[in-house]
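Quick look at what TrEMBL annotates:
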- 1-53: domain 'Cyclic nucleotide-binding' (DOMAIN)
- 56-167: domain 'Cyclic nucleotide-binding' (DOMAIN)
- 179-201: region 'Disordered' (REGION)
- 207-351: domain 'Protein kinase' (DOMAIN)
- K245: ATP binding site (BINDING)
Amino acid sequence: FGELALLYLAPRAASVKAIKDSQVWVIDRTNFKEIMMKVSDDKLKEYRKYLAQVNTLSSLLEEELDALTKALVEMHFKKDEEIVVQGEPGNTFYILYDGEVDVIKDAAIVSKVKADMNKHVSHVFGEGALLKNESRAATIKVASATAKTLVLDRDSFDLLLGPLADILNAKALEGNSRPSMVGRGSASAGAPTPPPKSRDHILRKDLTRIGLLGCGGFGAVELYEHRDTKECYAMKSLSKGYIMKTNMQASVMNEKNILLMTSSPFVIALYETYNGMQTLYFLMEPAMGGELYATYNRKGFHGSHKHAKYYVAGTCFAFEHLHERRIIYRDLKPENLLLTEKGHIKLTDMG
């Protein structure tokens with residue numbers, strides 16, 4: 001008794017009272033779902049493909065889809081069992097993984113749906129339940145001998161990522177540049193992780209020049225210190241005349257927009273931009289370790305597997321962050337990989 005409680009926060013339909021000394025075996029909803037979610041890596045990859053095909057979830061980032069994939073629960077049904085019933089409230093959505101079902105409206109079969117054996121198409125029903133409690137528009141009844149579905153309820157979704165409506169709103173406002181919502185739901189340990197705080201505007205008059213870091217085709221990169229906070233920044237100056245002469249206006253704007261979209265420990269951060277009479281300025285995160293190219297030549301790292309693995313790994317993390325935001329980087333070379341004073345890699349030059 002109480003089996004519905006393993007899947008739903010359903011009220012008890014009856015009371016059960018012991019009339020003599022008894023022994024019962026108990027499993028709670030949390031442990032049941034943890035056991036059901038322990039599937040192989042291959043299965044997780046397959047399930048993730050299904051989630052990625054759901055229109056309602058198309059706004060999610062890669063990290064968010066990975067988290068939801070691990071929350072899916074398998075449910076098995078026999079012939080003539082009703083998966084959902086028309087008119088009943090629903091807070092769970094289903095993906096048909098195996099088998100065939102009838103879609104019934106007002107007691108009439110309106111269509112038949114069969115799971116794609118090649119797993120290229122995702123047949124889902126009830127996805128609107130992730131946004132709000134809504135009555136089922138149709139009854140879904142198993143037509144094959146058995147059927148298997150992947151199930152996700154709104155409570156689990158909210159616990160992991162927070163309300164889907166908030167994610168859709170963030171997508172509409174910020175596009176793919178929004179931060180991941182993994183850990184923002186009420187299931188995160190302790191208090192929910194707050195979004196990154198916006199850095200206060202840094203006024204150019206509050207910066208003091210320390211020295212020259214390097215020179216490029218567009219201009220110089222200089223080290224500046226904030227007068228009050230003593231934080232250091234790299235100021236990249238871009239000659240307007242040179243930009244106009246070389247028709248690089250689009251490239252400069254592209255670099256600015258891409259840097260504003262990113263927020264990764266493996267990508268150089270852009271804090272402010274300034275507009276001078278003859279020069280544009282980018283106030284950026286300093287990378288005091290210099291270029292990876294120069295470091296390899298100076299330290300003789302050529303042929304070192306451990307150094308290659310370390311720097312390649314950091315570069316891959318940078319690329320992963322860019323790809324989640326639909327950004328393709330096409331100028332990878334050691335000169336465009338900078339190092340912090342601790343030797344951490346930073347991808348730069350998005351122009």
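Glycine too: its Cβ is placed from the backbone N, Cα and C atoms.
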Set of same-chain residues at least 6 away whose C-beta sits under 8 angstroms from the residue listed as 'ATP binding site': none
Per DSSP, what is the residue tally for the domain 'Protein kinase' (207-351) in helix, strand and coil? 50 helix, 45 strand, 50 coil
Model confidence over the domain 'Cyclic nucleotide-binding' (56-167), as mean pLDDT, sits at 80
